[in-house]
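Novice: Here's the feature list from TrEMBL:
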- 1-69: region 'Disordered' (REGION)
- 20-34: compositional bias 'Basic and acidic residues' (COMPBIAS)
- 93-114: transmembrane segment (TRANSMEM)
- 140-161: transmembrane segment (TRANSMEM)
- 173-190: transmembrane segment (TRANSMEM)
- 202-221: transmembrane segment (TRANSMEM)
- 233-249: transmembrane segment (TRANSMEM)
- 255-271: transmembrane segment (TRANSMEM)
- 323-347: region 'Disordered' (REGION)
- 422-443: transmembrane segment (TRANSMEM)
- 449-468: transmembrane segment (TRANSMEM)
Amino acid sequence: MSESGSDLDATEHTALMDGHIAEARPDRELAERIARKRKTKSDNQRSYGSVEQIEGGPSGASIAQQPRVPAAPVEPQIEELELKYGARHVIKLFVPVTLCMLVVVATISSINFYSVKDVYLAYTPFHEESPYASTKVWNALANSMILLCVIALMTVLLIVLYKKKCYKTIHGWLILSSLILLFLFSYLYIEEALIAYNIPMDYITLGFVLWNFGVMGMIVIHWKGPLRLQQAYLIFIAALMALVFIKYLPEWTTWAVLAVISIWDLVAVLTPKGPLRILVETAQERNEPIFPALIYSSTVMYCMAAASPAPGAAGERELRPLQPHGTVEGEGRDGTEAGGGEAGFDAAWRERRDEGAAPRRLRVDSAPPRYVTRLDPPHAPHAPPHAPDLDEEKGVKLGLGDFIFYSVLVGKASSYGDWNTTLACFVAILIGLCLTLLLLAILKKALPALPISITFGLIFYFATRSVVKPFADALAAEQVFI
């Protein structure tokens, strides 16, 4: 409080503190909730003016209500939030997808190791060695169905382990996979790159570099680290896995796998009993993030409206004076709670009141709740070891499998040496991803990212390979330039 002159007039500024902590919601729901709260306050006449004590005694009081400013319409807020986050989501997914595909295309173009077919995966027993096209077709279909059964079995096993809360088993599985990718396949990649670019390096230096690279990757993926570094490792892992598929899958089987896996993605996400849908819904019910080794996040933050909560009661509204001299909100200067006794006024104030000091004026400002932008996700009672910290950011998430198969399609197209086909597939995948994000913004639920992009990519590939390439070759032969 501040004293002025002999009459000891004092002014207490208070604010209406909202004790409700909102959960993180999409932008449209957040804007609508804020608008509803403002409308409710306007309807209930929750506008506080100046309250003064009259000379006759403490009981006489006159309340003058000041009109509140009407609530802002919700539509401009929604449009502003959608413009703010919609384009940013697209850009933040276009950049990593583009980088992953560029790494694969550059590797295929400069390192011949990944274009030579000499060894095949154990899941593809038919090697398409027959000269007849019909035999190659059924070999490719058989290989793709076998590989799809393996993927479906592994997915169902992951869902069962997640349902049973076997988090240590899942983490061990993912850590083992990351170890193989970051050490074994990275060693093969670095070795072939050194051979291709004719760079000499001894095994001691190679081992030192590989050890630091692998250990750092394990730390940032499965524990903590800089966000950009984690994203870079996830992109590299996806590119490395795409190169493995291009190298060890037979020729026609690669295209069959792309078509079959897109259909599987559609079924697994959209059907009521789809395994990926069960995984997403279970994670949402438990308020848990999906494992970071499987997901790339754009990390665009959703705003969360939250004000300081009242102790012991959520949603309770009360008037409190601001605490002087930096005392903690919710406590008086003598350590007592602000809500008890004299509602937070100290002993000196009560003594002056009992001695019959000059009347005091209490002015209550009609200020709206003070909102802070922060993330405060609710925690489950029995949170798993990988529960997020309070500062975890949320945004559009894309599975690493989508990165892998996007890169397989573009890398396979680039392996034939036709840049027109490669660019057509690249543009088709980005168009499909943009349409998927548009549907995501409209439907507000998890969607498969493969079907639209892979369908466009396959159509563009075969159309360009069958129509555009012969046309361009004929123009080049006739020396006609358009």
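Glycine too: its Cβ is placed from the backbone N, Cα and C atoms.
Source: prediction; values computed, not measured.
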Novice: Sort out for me which stretch, of 93-114, 173-190, 255-271, 422-443, 449-468, has the most Cβ pairs below 8 angstroms to the transmembrane segment (140-161).
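Specialist: Comparing 93-114, 173-190, 255-271, 422-443, 449-468 against the transmembrane segment (140-161), the winner is 255-271.
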Novice: Are there residues at least six beyond either end of the transmembrane segment (422-443) with Cβ under 8 Å to its Cβ atoms? List them, or say none.
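Specialist: Cβ under 8 Å, 6 or more out: 82, 86, 89-90, 93-94, 97-98, 101, 105, 396, 406, 409-410, 413-414, 449, 452-457, 459-461, 463-464, 468.
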Novice: Tally Cβ pairs under 8 Å between the transmembrane segment (202-221) and each listed stretch (93-114, 173-190, 233-249, 255-271), then give the stretch with the top tally.
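Specialist: Selected stretch: 173-190, with the most Cβ pairs under 8 Å.
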Novice: List, by number or range, the same-chain residues at least 6 past the transmembrane segment (93-114) whose CB is under 8 A from its CB atoms?
Specialist: 189, 192-193, 195-197, 231, 234-236, 238-239, 242-243, 246-247, 296, 298, 396, 398, 403, 406-408, 410-411, 414-415, 422, 426, 429-430, 433, 437
